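**Q** Please see the structure below; I have some questions.
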Amino acid sequence: MRDLKTELEQRRAKGLYRSRRVLEGRQTPEQVVDGRQVIAFCSNDYLGLASHPKVIAALRKGASEYGAGAGAAHLVNGHTRAHHQLEEELAAFTNRERALLFSTGYMANLGVAQALLGRSDHVLEDRLNHASLIDAGLLSGARFQRYRHATAVDLAQRLAGLGQTGERLVLTDGVFSMDGNLAPLPELASICTAHQAWLLVDDAHGLGVLGETGAGSLEHFGLSQQQVPILMGTLGKAFGTAGAFVAGSEALIETLIQSARTYVYTTAMPAAMAEATRAALRIVQAEGKRREKLRSLVARFRAGAGQLGVRLMDSQTPIQPLVIGDAVEALRLSERLLEQDLLVPAIRPPTVPEGTARLRVTLSAAHTEAQVDRLLEALDRSMRGSEDVGSR
């Protein structure tokens, strides 16, 4: 048997031990975490909707009408009018024929890959894809390859080398969760079309944030359902609620209803959550000012960091990583910020590659300019005198 205690101590010694913090109250920038009042720069609540009064009111009303839980899978009697209306509204929002709700983005990705692929098929993934996409590819049983990060030429070469046998599924993040950069989706879409490959875009961090109406990375690039046949979006980030969906053609969605095990064999999300998400969707569509404010805060943070000599990764999204390199040093910098009542967790291997431990700053429309300036001042104080941190 494995010596689990020794393995845990080794992880701790390398600065890779993970610990949970306990949040009291709502998901807002000002939080009480482990009994300490902090300003958090680590939430994915990009538009500040998790605590929006209209979203909360819709959740309460939905619970009053439908109860606390769905009670069954969608294919038994857990699929309510609220779920059905949300699916129709998400399909219209993303300009796809149909949409299908899943309990989480992780389950959505696993379900699609399992439903479409078998042992004689091929799955190709960006090297920096989210863990759920990697697991989806591996667990599908298909022949698995990774192409160089955001490198369309490498993908094209790998697809060309597959011959004519088997289905091909290409999986990519729309916005990469640890780097904040966008995948070259127009190039990937063109290559997939040329090689008759499915393309799935996981737009967990683009939906609600990018595009004129907030419809995400595909709207940002102007890509149609024909160009990107499979869109996966999550609802627990910019929408501020929970769950996920897959959007695409009528035939795709019906295939998933019949064959996606993570859809068929699990209880539906609570209908009250579907109602809360419908309210969030209306806000996403109606209040473009939230995206405008978010873009303004991102620009302010990047300009301020540049003035301080802090080199950030090339990202124009709310994800603003500061690569430190060493995991222990990243933890130390995170602790220095926490001492100043700022919560910016260190992200370490295996979440990111070895030697690229980082602080992952995430911004929200709920932040104020004063809070962003406070973070910049704290970074300046914490990093002053350190030659190795953040390439200063």
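Each Cβ is built from the backbone N, Cα and C atoms, and glycine gets one as well.
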**Q** Swiss-Prot has GLY105, TYR106, SER177, THR234 down as binding pyridoxal 5'-phosphate; which of HIS79, HIS83, HIS84, HIS205 does it also list for that site?
**A** HIS205
**Q** Besides HIS130, THR351, which of ARG12, ARG18, ARG20 does Swiss-Prot list for that substrate site?
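**A** So the substrate site in Swiss-Prot includes HIS130, THR351 plus, from the candidates ARG12, ARG18, ARG20, ARG18.
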**Q** Hey, what's the Cβ neighbour count for TYR106 (pyridoxal 5'-phosphate binding site) at 10 Å?
**A** 18
**Q** Fewest neighbouring Cβ atoms within 10 Å: which of the binding-site residues SER177, THR234, THR351?
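**A** Selected from the binding-site residues SER177, THR234, THR351 on minimum Cβ neighbours within 10 Å: THR351.
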**Q** Determine which residues of this chain, when GLY105, TYR106, SER177, HIS205, THR234 are set aside, have a Cβ within 8 Å of the centroid of the pyridoxal 5'-phosphate site's Cβ atoms, and list them as they appear in the sequence.
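**A** Apart from the listed residues, the neighbours are HIS130, SER132, ASP202, ALA204, GLY236, LYS237, ALA244.
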**Q** Could you tell me the maximum Cα-Cα distance in Å between the residues recorded as binding substrate, namely ARG18, HIS130, THR351, rounded to a whole number?
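**A** The two farthest binding residues have Cα atoms 18 Å apart.
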**Q** Tell me, how many other CB atoms lie within 10 A of the CB of HIS205 (pyridoxal 5'-phosphate binding site), whichever protein chain they belong to?
**A** 28
